[in-house]
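Here is what TrEMBL says about this protein:
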TRANSMEM  12-34  transmembrane segment
TRANSMEM  58-75  transmembrane segment
TRANSMEM  87-110  transmembrane segment
TRANSMEM  122-141  transmembrane segment
Amino acid sequence: MSTTFPARQGWGLHRVTAFVYFVVIGLVASLNYLPIPGIIDENGLCFGIFALDPFDDLLHVGSALWALVAALTSVRASRIFLTVFGALYLADGLLGLWTGVGFLDLGIWRWGVQDYDLMFKIYANTPHILLGLVALLIGLARPR
């Protein structure tokens, strides 16, 4: 198992993408803790939309670590990560778009369907929909 930076080893699309997901999701997990003005508002909302709590942070950290382990392990592990992660995040985002809450944070069971404004639902769920869709499509792509 090579642990050098992905691009230097010619890792290919799947492993590099899994590594990029590690970085992106890791940054998301750190948003509540970065002392950068404008990220967390006076109501504790990230970018005025997301109510990230320690449970969400743990989900993001777990996902980021899963992405890293997959990227460092193999193309097969990276494809499994991208496909499963992508399907789960895409489904979570689509459910959130429809009901106002997702399932990964148990929101649909904790709060039930929420009557949020459509634009709010779009803004709040677009990250999961896009991250999930891109991961799923790349995960399902055949290695070259």
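Even glycines carry a Cβ here, placed using N, Cα and C.
By the Cβ criterion (distance under 8 Å, sequence gap of 6 or more), the transmembrane segment (122-141) is counted as touching the transmembrane segment (12-34), at least 3 such pairs being found. Distant neighbours of the transmembrane segment (87-110): 55-56, 59, 116, 121-122, 124-133, 135-136; these residues of the same chain sit at least 6 beyond its ends, with a Cβ under 8 Å from one of its Cβ atoms.
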